[in-house]
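TrEMBL has this to say about the protein:
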type: DOMAIN; residues: 21-286; note: domain 'OBG-type G'
type: BINDING; residues: 30, 31, 32, 33, 34, 35, 234; note: ATP binding site
type: DOMAIN; residues: 307-390; note: domain 'TGS'
């Protein structure tokens, strides 16, 4: 008999399970966080001021995620209602050196970061005498070091307390019961987490974890386990000419300390100017200056960083994008619409967006044999178009 194929264990994701995930806008005071939040959300909820701690309580907005697939589906079905996918963004107060020990609004700030699932880290790389810098001068590398250090110090403090509590209760553990063995494994994992932060000097998201270890990491809700997208705020002039003295240094810092994290240059000054224009004028201006708004790219990067994907439901009444976490199975994806669809799940009729685009209509997709009936084990793919069948 041929040997059985080894079944590869599916890698567990860091972070909260679920599809209602949030991304927080983080940075030092006066780097453009609240102004960025306002142009991203098309609101004036963020309090942009030329002094630290203008933002105290976090503001929240749901930002539509641009998707040409969704636009094409709306053009094709011409529905009465159109509901795109959204990214929930939170404007968080500025962090300063010493936040991990409570300096400034440190404790409140870090609790707000703990409550989100990912981070947009806004880094200031523009000079402006009228916009003061809390550290006295513009130095993005120093600013990134401050945030990295403060988040890591808070995680170390949190893990030390947790490890201390585990060890106190672990002294009486034997080797016989499954519960005792599980507790010992948990202690070993927390010790590994502590070593990653203190000896290896690495953020938690940059270490390798087994699925069992991921469960422990997720239970701790660590700040450095959250995905980070670096947003470098440039002057309008630097953004248009795609040159800034700090950008190569910032990229080198990310490559050394957090390799793989996305870096997106943008300009709040330009985004504010474009936002104030009517749509036609905005398009003309972007052609004229030879640069485009970075907001769509930023929103898409934030959505992807949280391991979010979407599937679509389509018809004459509504075209809608439903947000789910990567790896979600069909019943749970159906449950995002209504719990009955998950509890009484029968099957899903699934076609891919690419197949519908290629063949032009649902009937043509069906005739080509590309409409599939999928059961409970099916893992949803980004861009699936689904019709759910549930029992009564």
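Glycine residues also receive a Cβ, built from the backbone N, Cα and C atoms like all the rest.
Since this is a predicted model, take the numbers as computed values, not measurements.
Sequence features annotated in TrEMBL and their locations in the structure.
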residue: 30; record: ATP binding site; Cβ within 10 Å: 22
residue: 31; record: ATP binding site; Cβ within 10 Å: 28
residue: 32; record: ATP binding site; Cβ within 10 Å: 26
residue: 33; record: ATP binding site; Cβ within 10 Å: 30
residue: 34; record: ATP binding site; Cβ within 10 Å: 25
residue: 35; record: ATP binding site; Cβ within 10 Å: 23
residue: 234; record: ATP binding site; Cβ within 10 Å: 26
Legend entry - Helix, strand and coil totals (DSSP H, G, I; E, B; other) for the domain 'TGS' (307-390): 24 helix, 34 strand, 26 coil
Legend entry - pLDDT averaged over the residues of the domain 'TGS' (307-390): 96
